[in-house]
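**Student:** Handing you a structure now.
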Amino acid sequence: MSTKPARRPKRHGKSKPYAERPIDPDKPGLDVRLAAARLLAAVVDKATPLDALTDDENGNPAYLALDGRDRALCRAILLTALRHRGSLSALIAEMLDRPLPPNARALDHLLHVGATQIVHLSVPDSAAVDLAVTAANADPRLSRFAALVNAVLRGIVRMPADRRERIMAAVANAPEWFADALERDYGAEKSKAILQAHRSEASVDLTVKDDATGWAERLDATLLPNGSLRLPHNTPSIMTLPGFEEGAWWVQDAAATLPARLLGAKPDMRIADLCAAPGGKTAQLARTGADVTAVDISTSRLRRLEGNLRRLGLNARTVQSDLRKWQPETPFDAVLLDAPCSSTGTARRHPDIPWTKSDAVVEKMAALQANLLERCIAFVRPGGVVVFANCSLDRREGEAVAAAFADHEQVEPLPVTADEISGFEQAVTAEGWIRTTPDDWPNLGGVDGFFAARFRRL
Ligand SMILES: C[S@@+](CC[C@H](N)C(=O)[O-])C[C@H]1O[C@@H](n2cnc3c(N)ncnc32)[C@H](O)[C@@H]1O
């Protein structure tokens with residue numbers, strides 16, 4: 001691969017002399033594009049989670065300097081740029097004689113921000129091109145590439161739609177490590193279906209306390225086979241919806257409701273929800289009337305859990321502790337370990353995940369999960385139940401951890417049966433584990449990827 005800068009894009013001899021135009025630093029919309037390119041760099045080059053960069057209190061200064069509407073546009077550009085990053089890269093590459101050199105990161109990010117608006121967002125093409133060129137001119141590292149930015153983006157604007165589609169559909173639209181891991185775990189056909197599902201934004205699902213049918217009508221939502229509600233895509237802010245203030249429901253992906261259902265929770269049981277925050281599964285367990293202790297290492301996330309339970313009118317004891325050191329005074333009847341993981345099963349909601357995680361992260365998380373799961377044996381009484389779950393698609397974090405734990409002399413597998421998880425019968429594996437992937441329920445819009453396995457302490 002050539003490392004020479006691609007100074008001249010293909011077929012673009014007639015680009016306008018943008019580089020010679022005066023720069024207007026106050027140009028409307030320029031600060032949004034500059035912020036988007038900077039944040040894209042932080043995600044892709046520094047593996048910083050997008051949610052941290054766009055947090056309304058502690059986010060990146062370039063983001064916090066934007067007003068509310070511009071923040072929304074900046075986030076929309078970033079979510080879309082990351083969701084379609086692989087196919088947008090292919091489109092940009094098509095416009096270049098040779099690849100950009102590896103050190104031309106800022107140029108690459110600016111092109112991605114521009115191409116995202118042209119291909120996927122309802123920003124006028126002329127504005128997307130013009131602002132990208134102005135942004136290039138405003139940056140001393142990039143000003144000599146302003147004509148190239150102009151030519152590449154104009155080339156994408158002029159490209160016939162069917163050719164664009166062909167180029168974008170022909171690539172895996174995922175980083176190599178992630179595409180390889182999926183293919184190894186699921187085979188060529190299924191991994192393709194998962195990556196296809198990742199091209200669409202996930203819906204918002206709700207778990208309701210009671211009267212799912214009534215709330216489905218009131219919220220204009222779809223009642224899913226497992227009893228969750230799925231909101232329409234254009235739903236405005238969750239907090240303004242009927243039932244939020246009164247605590248009638250909470251946000252939780254349909255597949256994320258499965259692990260808590262495996263504990264057989266009921267009023268006389270003592271249950272520990274481990275790695276509990278922000279508390280979707282704690283709420284499910286508390287709702288049964290069980291005596292629930294929720295443990296998490298993060299103080300701020302536990303505060304969110306407590307706020308959520310208050311709104312829902314549900315009770316649980318909360319404990320801030322690192323599970324690697326925690327020791328309960330009395331063993332529980334059942335524990336749920338919703339272990340920290342690479343979270344690749346939620347890539348439709350967090351399209352930065354494939355671009356910020358790696359094989360090394362997956363392996364580190366799998367080792368941590370095995371360690372935490374082993375500690376769970378001491379947390380339950382003999383005969384008690386341990387449920388292990390996480391939202392990774394990677395079998396190193398799910399099936400492999402469960403298979404190794406099943407060999408432990410102090411536990412036996414307690415296979416899940418289809419009748420225990422009505423609506424998700426197809427998710428039960430031959431081993432009696434649960435595995436969901438984003439391409440499940442294709443006609444309803446998919447679900448998050450989840451894994452769960454159940455054991456009994458001997
Ligand atoms: C996947 S999230 C849990 C989601 C939660 N169960 C729910 O349903 O809303 C993982 C949680 O594990 C917590 N965590 C990570 N390492 C931990 C540790 N060593 N001890 C306790 N909690 C930990 C994180 O703070 C995070 O809140």
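If you go along the chain as it appears here, the first residue is 1 and each next one adds 1.
Placement of Cβ uses the backbone N, Cα and C atoms for every residue, glycine included.
What TrEMBL shows for this protein is this:
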type	residues	note
COMPBIAS	1-15	compositional bias 'Basic residues'
REGION	1-28	region 'Disordered'
COMPBIAS	17-28	compositional bias 'Basic and acidic residues'
DOMAIN	178-458	domain 'SAM-dependent MTase RsmB/NOP-type'
BINDING	Cys275, Ala276, Ala277, Pro278, Gly279, Gly280, Lys281, Asp296, Asp322, Asp338	S-adenosyl-L-methionine binding site
ACT_SITE	Cys391	active site, nucleophile
**Student:** If H, G and I count as helix, E and B as strand, and all else as coil, what does DSSP give for Lys281 (S-adenosyl-L-methionine binding site)?
**Tutor:** helix
**Student:** For Ala277 (S-adenosyl-L-methionine binding site), just count the other CB atoms lying within 10 A of its CB, please.
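**Tutor:** Counting Cβ neighbours of Ala277 (S-adenosyl-L-methionine binding site) within 10 Å gives 24.
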**Student:** Of all the recorded positions here, Cys275, Cys391, which one's CB has the most other CB atoms within 10 A?
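**Tutor:** That would be Cys391, with the highest Cβ count within 10 Å.
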**Student:** Rounded to a whole angstrom, what is the C-alpha distance between the residue listed as 'active site, nucleophile' and Lys281 (S-adenosyl-L-methionine binding site)?
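**Tutor:** Lys281 (S-adenosyl-L-methionine binding site) has its Cα 13 Å from the Cα of the residue listed as 'active site, nucleophile'.
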**Student:** Does Asp322 (S-adenosyl-L-methionine binding site) have same-chain partners at least 6 apart in sequence with Cβ under 8 Å from its own Cβ, and which are they?
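**Tutor:** Set apart from Asp322 (S-adenosyl-L-methionine binding site) by at least 6 residues yet with Cβ under 8 Å, we have Ile297.
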**Student:** Might you list, by sequence position, any residue in that chain lying six or more from Gly279 (S-adenosyl-L-methionine binding site) with a Cβ less than 8 Å away from its Cβ?
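**Tutor:** In sequence order, the residues whose Cβ lies under 8 Å from that of Gly279 (S-adenosyl-L-methionine binding site) (at least 6 apart) are Ala294, Arg304, Leu305, Asn308, Leu309, Ala316.
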